[in-house]
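**Student:** Below are the features I grabbed from TrEMBL:
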- 21-44: transmembrane segment (TRANSMEM)
- 64-83: transmembrane segment (TRANSMEM)
- 95-118: transmembrane segment (TRANSMEM)
- 124-143: transmembrane segment (TRANSMEM)
- 205-226: transmembrane segment (TRANSMEM)
- 238-260: transmembrane segment (TRANSMEM)
- 281-307: transmembrane segment (TRANSMEM)
- 349-368: transmembrane segment (TRANSMEM)
- 380-405: transmembrane segment (TRANSMEM)
Amino acid sequence: MEIRRPRGGCGGDMQEMEFGWRMVVGTIIGFFGAALGSIGGVGGGGFFVPMLTLFIGFDPKSSITISKCMIMGAAGSTVYYNLRLRHPTMDLPIIDYDLAMLFQPMLMLGISIGVAFNVIFADWMVTILLIILFVATSTKAFLKGIETWKKETIMKKVRFSPKKMSTYSDNTLLWISDDPEQEYKPLPSGPAASRVEKVSLMENVFWREFMVLLFVWVAFLVVQIVKTYATTCSAEYWILNSLQVPIALSVSLYEAICLYRGKRVIASIGKEITDWKVHQLLLYCCCGIIAGIVGGLLGLGGGFILGPLFLELGVPPQVASATSTFAMAFSSSMSVVQYYLLKRFPVPYAAYFIFVATVAAFTGQYVVRKLIMLLGRASLIIFILALTIFVSAISLGGVGIASMVEKLEHHQYMGFDSLC
């Protein structure tokens, strides 16, 4: 396929947008990518990067920067939509701030590492990693969706089987099995019995945790901006890079220690786990870093890892999607500010696609919320998550393989590059 590129790379004539059939097709793909990505909590970068490369005609690096802009727009719109929403079954916000405190600093640290790896690794290495990782996570998410669908089917039978329903004092309906030792309880994603449906925005946001995460964002951004004035691989460069480690570790380790000691809980899981193991918490922190590295390598939001991971923790699909997107809003916006200061993307194109992603994400959230209320199946979110990751594996993998074949034909160097 011949790729048409906007004139002038990242500057000059490229500041003027060119409308045509390519832009229309790109807009449609971007809209659906942002809508599906916001529902699944993965951002949609797997749609954006191939679309910007194949249809709009940007080079890979420019595609990644504008993809980050679109992820920021979609994530910002989704977070704004979710700020007033409540947990599906508990008297809590739909965004789990304790979960975000554990993962978001590690996510941002991982993105910084991933950006460096993007310079070092060859494209074919990144492509193989992407295909393996995305196929595995999409399969895992799909199986989780089937499991949740079956549980929801059981709960539907409970709701419409009066002979086997027992009403408790709190008006919660429980399925009583023929086996006295077995009992089916309402799913975390099912309807709540008694909770506050609407609260004010001020009450629905955990402001202390929010301000801590905002501090991490500002600190990382300052380091990234100052780093641009240092010579790559100089002593100042490595010192500034190393400052990101204590910033991220201080917040995530504080949250991990509080969870380990039982001072905090991941309440959105539906059961208070107070016996966290050290290896569990370390594993989750490492997963946050890995999610960031993948995001930095591929220009994605990191939600491709966080979303399935949150589901495996037992977090309801709505909360997993909202919390994953909340963490991505911080990481993607930091990247966009940095790219803007470095003049790495054309503002008119970026502004247009941010607008498309913002509207699409808000539309996607509204539609899927109505569908969940109509069908009573939050597993829809998990299936959309699995579909988005799988399609991203095909699209990004296809673009990567095509690039690899082209380099082989021209006998180009395909080994490691130097960071310096």
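Just so you know, glycine gets a Cβ as well, placed from its N, Cα and C.
Just tell me what is around each of these and how deep it sits.
**Tutor:** Within the same chain, residues 4, 51-52, 55-57, 70-71, 73-75, 77-78, 300-304, 306-307, 310, 320-325, 328, 332, 353, 356-365, 367-368, 381, 384-385, 387-389, 392 sit at least 6 positions outside the transmembrane segment (21-44) and bring their C-beta atoms closer than 8 Å to a C-beta of that stretch.
Non-local neighbours of the transmembrane segment (124-143) in the same chain are 46, 118, 294, 297-298, 304-305, 307-308, 311-312, 382-383, 385-387, 389-390, 392-393, 396-397, 400-401, 403-404, 407, 414; each lies 6+ residues outside the stretch with a CB under 8 Å from one of its CB atoms.
Cβ atoms under 8 Å from those of the transmembrane segment (205-226) belong to residues 83, 93, 97-98, 100-101, 104-105, 108, 112, 240-241, 243-244, 247-248, 251, 330, 333-334, 337-338, 341 of the same chain, restricted to positions at least 6 beyond its ends.
Tertiary neighbourhood of the transmembrane segment (281-307): same-chain residues 37, 40-46, 49, 63-65, 67-68, 71, 75, 102-118, 121, 126, 129-130, 133-134, 137, 141, 252-253, 256, 259-260, 320-321, 323-325, 327-328, 331-332, 385, 389, 392, 396, selected by CB-CB distance under 8 Å and a gap of 6+ residues from either end.
Below 8 angstroms of C-beta separation, residues 6, 14, 17, 27, 30-39, 44, 48, 52, 56, 65-66, 69-78, 80-82, 380-381, 384 of the same chain, each at least six residues beyond the ends of the transmembrane segment (349-368), sit close to that stretch.
Non-local neighbours of the transmembrane segment (380-405) in the same chain are 1, 36-37, 39-42, 44-47, 49-50, 53-54, 60, 123-124, 126-127, 130-131, 134-135, 137-139, 141-142, 144-145, 148, 298, 300, 304, 307-308, 311, 317-318, 320-321, 368, 371-372, 414; each lies 6+ residues outside the stretch with a CB under 8 Å from one of its CB atoms.
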**Student:** Under an 8 Å Cβ to Cβ limit, what residues of the same chain, 6 or more beyond the ends of the transmembrane segment (64-83), are close to it?
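**Tutor:** Residues packing against the transmembrane segment (64-83) from afar: 30, 34, 37-38, 43-45, 48-49, 52, 58, 93-95, 201, 204-205, 298-301, 322, 325-326, 328-329, 332-333, 335-336, 339, 344-345, 349-350, 353-362, 365-366.
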